[in-house]
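Visitor: Before anything else, here's the structure in question.
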Amino acid sequence: MKLVIAGGGTGGHLFPGIAVAEEFLSRSSENEVLFIGTERGIESRAVPAAGYRLEIISAAGIRGKGSFGKLKGGIQMLYGYAQSRRVLREFQPDIVLGVGGYASLPVVMAARGLQIPNFIHEQNAIPGMSNRLLARLTDRAFITLEESIRYFPEQKVLLTGNPLRRQILGMQKSEAAEGAVDFLVPSPGSPFHIFVFGGSQGAHAINTAMVAALPFLKKQDTDLEITHQTGEKDCEEISAAYRAAGVAARVTPFISDMAAEYAKADLIVCRAGATTIAEVTACGKACLFIPFPHAVDDHQRRNAEALLKKEACLMLLEQELSGEKLAEVIVELIKDPKARLRMRQLAFSLARLDAAKIIVDEMTRECTA
Ligand SMILES: CC(=O)N[C@H]1[C@@H](OP(=O)(O)OP(=O)(O)OC[C@H]2O[C@@H](n3ccc(=O)[nH]c3=O)[C@H](O)[C@@H]2O)O[C@H](CO)[C@@H](O)[C@@H]1O
């Protein structure tokens with residue numbers, strides 16, 4: 001069978017697509033996958049790097065743009081629709097899955113026009129523009145969180161969770177037997193590892209707050225190990241700030257092997273993108289979320305609140321973020337291994353590890369029915 005995965009833009013949309021591709025390809029050596037995305041999205045680098053084929057189309061957002069921007073975006077989308085039809089006619093997929101992001105809209109619309117079974121996956125508590133427009137048009141909508149159920153027709157929606165890549169799922173297998181993560185508390189005296197990252201692009205506000213927190217963190221008496229993913233723009237500056245503060249850290253713009261970093265972490269400080277949340281819960285990690293306040297409809301805050309109401313994480317809003325506050329929360333957690341352990345267990349209890357499997361089962365069942 002042949003599957004097209006459309007969309008991306010950011011890692012949060014793309015990586016669940018890669019997780020579905022991995023699952024689909026594992027079912028038969030004859031299966032084929034093609035990704036369709038845009039030139040400026042993360043897919044243009046990450047898809048070839050992961051060994052998949054990618055077709056580029058034109059697509060752009062129109063939300064929040066002036067009338068010229070809307071017109072330009074509309075024209076790009078129409079062009080993207082024509083390109084999608086051509087790519088789908090050539091590749092002849094049995095199934096098309098839109099994973100959100102601008103490019104998913106023209107491709108899923110084209111699939112619908114060509115009567116190819118088409119599906120969408122929504123990662124967030126509040127759906128993005130493409131998935132809202134496709135909600136009523138697609139054959140089936142897979143969702144990550146119960147909170148988004150009301151945006152989709154009842155007979156089309158299926159709660160699956162957010163598909164996780166094998167590098168993340170592999171952690172459960174390697175860390176502990178029988179699918180459970182290892183909840184051992186690090187032995188006294190071993191360094192406390194903080195993993196800071198700001199979603200697939202890095203987060204300037206988290207970067208600067210963490211640097212401002214360093215003098216306060218230095219004062220406490222636990223040995224710290226820090227890995228800090230900054231995004232491309234801030235890397236040099238943040239690296240220099242750690243050196244100036246005399247705090248050893250691995251500072252890097254992007255991390256390819258996220259599973260390795262998750263495995264080492266005693267505490268994760270990060271944005272509350274939907275895929276980040278799916279991953280950190282699957283790894284059963286103590287997490288302090290700092291939601292991106294400008295995400296569409298404040299959906300990152302909603303994503304984090306879904307966990308917060310189950311006491312499975314901590315959350316700091318950007319308007320209350322300062323170096324001192326951040327250090328205070330981190331130090332409290334360092335000192336309270338019981339609270340961390342409880343948070344980890346609650347987080348893990350909310351994880352869904354079988355989303356990719358369910359989605360591939362459903363898509364193949366519906367298109368062979
Ligand atoms: C600013 C913005 O609009 N962000 C959105 C975007 O976030 P973003 O792209 O940051 O997505 P997420 O936080 O959900 O996921 C990040 C993904 O990137 C991976 N990763 C991250 C850092 C790194 O160095 N290496 C790496 O591989 C993570 O393992 C994860 O798979 O998509 C998410 C899913 O729709 C939304 O919830 C976010 O609100």
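Just so it is clear, glycine is given a Cβ too, placed from its N, Cα and C backbone atoms.
Because TrEMBL annotations are produced automatically, they should be read as predictions rather than curated entries.
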Visitor: Among ASN124, ASN131, which residue does TrEMBL annotate as binding UDP-N-acetyl-alpha-D-glucosamine together with THR10, GLY11, GLY12, ARG165, SER200, ILE255, GLN300?
Guide: ASN124
Visitor: Given THR10, ASN124, ARG165, ILE255, GLN300 as the binding-site residues, which ones have a Cβ positioned under 6 Å from some atom of ligand 1?
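Guide: With ligand 1 as the reference and 6 Å as the Cβ limit, the list reads THR10, ASN124, ILE255, GLN300.
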Visitor: According to DSSP, does GLY12 (UDP-N-acetyl-alpha-D-glucosamine binding site) sit in a helix, a strand, or coil?
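Guide: In the DSSP reduction, GLY12 (UDP-N-acetyl-alpha-D-glucosamine binding site) maps to helix.
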Visitor: Under DSSP, is ARG165 (UDP-N-acetyl-alpha-D-glucosamine binding site) part of a helix or a strand, or is it coil?
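Guide: Coil, per DSSP.
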Visitor: My understanding is the cutoff is Cβ-Cβ under 8 Å with a sequence separation of 6 or more in the same chain; which residues meet that for ASN124 (UDP-N-acetyl-alpha-D-glucosamine binding site)?
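Guide: Looking at Cβ-Cβ distances below 8 Å from ASN124 (UDP-N-acetyl-alpha-D-glucosamine binding site), excluding near sequence neighbours, one finds THR144, LEU145, SER148, ALA274, HIS299, ARG302, ASN303.
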